[in-house]
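Participant: Quick one: this structure, given as structure tokens, is what I'll be asking you about.
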Protein chains: 2
Amino acid sequence: MAKIIKGKPVADKITEELSKEIENIKAKGGQPKLATLRVGERGDDIAYERGATKRAEKIGIEVASVVLPGDITQEDFIEELQKLNKDASVNGILIFRPLPKQIDESMIKNIIAPEKDIDCFSPVNVGKMTEGDPTGFNPCTPSAVMEILDFYGVEIKGAEASVIGSSMVVGKPVAMLLLNRKATVRVAHSKTRDTAAVARQGEILVVGVGVPKMVKEDWVSEGAVVIDVGINVDDEGNMSGDVDFEKVQKKASMITPVPRGVGSVTTTVLAKHVLKAYKQQN
Amino acid sequence: MAKIIKGKPVADKITEELSKEIENIKAKGGQPKLATLRVGERGDDIAYERGATKRAEKIGIEVASVVLPGDITQEDFIEELQKLNKDASVNGILIFRPLPKQIDESMIKNIIAPEKDIDCFSPVNVGKMTEGDPTGFNPCTPSAVMEILDFYGVEIKGAEASVIGSSMVVGKPVAMLLLNRKATVRVAHSKTRDTAAVARQGEILVVGVGVPKMVKEDWVSEGAVVIDVGINVDDEGNMSGDVDFEKVQKKASMITPVPRGVGSVTTTVLAKHVLKAYKQQN
């Protein structure tokens, strides 16, 4: 039976480190600050906003929550974003996505100040991630995957890693982060002929596709470390990952649960990035 | 025996298309222009500059060659670059790399105007490449690999692709371009335990590591399409790729030679990017 590797101990450890650092900063009169920028009242956004705010404040980061009407024009949205870009007291900006359709994301991502773009919306940060440039901000969820692997002592260098899914939210960035740490990486997706075969090659298997319980036990090699980034909620409100947890846990050596897995670390990584932005700016 | 897939027919076809387009632009009074920016007198740079200039001029692109002394300060270099950034008559800028060590490349890549950065030096373009954003400029050599695959009718979507090497010059970008076209991609590198096994899984095998003749016939699966991006020159001036051509050609279905393979397409892709930049700017 696999060891169940939860997110909380990982988040707790990072939180402790960040709290200490921020205490020191405050003692010298500094104050890291996050601005969240939400358009409209989508439940997902509100839930993530609440989680991120709670976590950041717990660590000692100030949070300014900007909420704009769901029918705001692109022009007005850009004006609000520019204010945050220019506001020297704001170190990090989190824009909840997807934005409503009257706002062109491909334009906005080029407007957010890269040095405040703590969740890798700007192509500048996507580029730095691909290059492995440590001055950039990697996206929070893929970074949370890496934090979990490191916390639980999983050797990445030289490991056979399989990533299922190639979205910009999970698959592609996870693949790049694993590659930059010198794993041997393979990526499968909807056009892959034999996804199970790719999955089985992974000593580390990361799944982020948004299909509940897609990964069965015969997709997983004996002793694999399985990181489930999927969050699926059924009609009755039950949450499950992309991995068939009950079955796969009999075969894996370690497995993240859903909930209480990767998702529990994401907002802590966000806070970590705010602190990084603060230090770069001061 | 493999079909030897040379670069010239690929370059010729693109050249023909570009020439027509540029003829039309000129008829309307327009003039696409490339500026090359070289520091010092490195033989590699001069050879590439000559090739790029010849190709661009043949197609009807004007070329301004800026050559700076090898001991130029970073400040002066930046000033020259800024001039090209601001010069509205210049559509594309090619900086020869590596730059001498008194110039910090990680700073320069953030100064070159992304919209003129036709060889993907700026993290903005690296990011757009990773995202698959068609407004960016992908690096020329990896793009040449894709042009060759397309010209010779190699199906990329759903294909099993193996990339050997994970540099920012070849391996990583090739992997991203293949992934964005929905190949199932695996990447091996110096820390990979069994590189031959990864190579053998590729129906498309792209190699860019800089080790002469590293890829032997037992690394290649029967019927694979082999793209050799390596350019190695021995003490006697003989050029070879990273693939043991004589042996591998017996097993592959198609194989690029070195020389006269990928390298023959790179400067044509560069010219294509100058035209793209011109059109975006006008």
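Yeah, the Cβs are placed from backbone N, Cα and C, and that goes for glycine too.
On a predicted model such as this, the values are computed, not experimentally measured, just so you know.
What TrEMBL shows for this protein is this:
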| type | residues | note |
| --- | --- | --- |
| BINDING | A:Gly165, A:Ser166, A:Ser167, A:Ile231 | NADP(+) binding site |
| DOMAIN | A:5-119 | domain 'Tetrahydrofolate dehydrogenase/cyclohydrolase catalytic' |
| DOMAIN | A:139-281 | domain 'Tetrahydrofolate dehydrogenase/cyclohydrolase NAD(P)-binding' |
Participant: Are any of the binding-site residues A:Ser166, A:Ser167, A:Ile231 near chain B, where near means a Cβ under 8 Å from a Cβ there, and if so which?
Facilitator: A:Ser166
Participant: These are the binding-site residues: A:Ser166, A:Ser167. Which one scores highest on other Cβ atoms within 10 Å?
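Facilitator: The residue with the densest Cβ neighbourhood is A:Ser166.
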Participant: Take the domain 'Tetrahydrofolate dehydrogenase/cyclohydrolase catalytic' (A:5-119) and count its residues per DSSP category (helix H/G/I, strand E/B, coil), listing them in that order.
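Facilitator: Tallying H, G and I as helix, E and B as strand, the rest coil: 57 helix, 19 strand, 39 coil.
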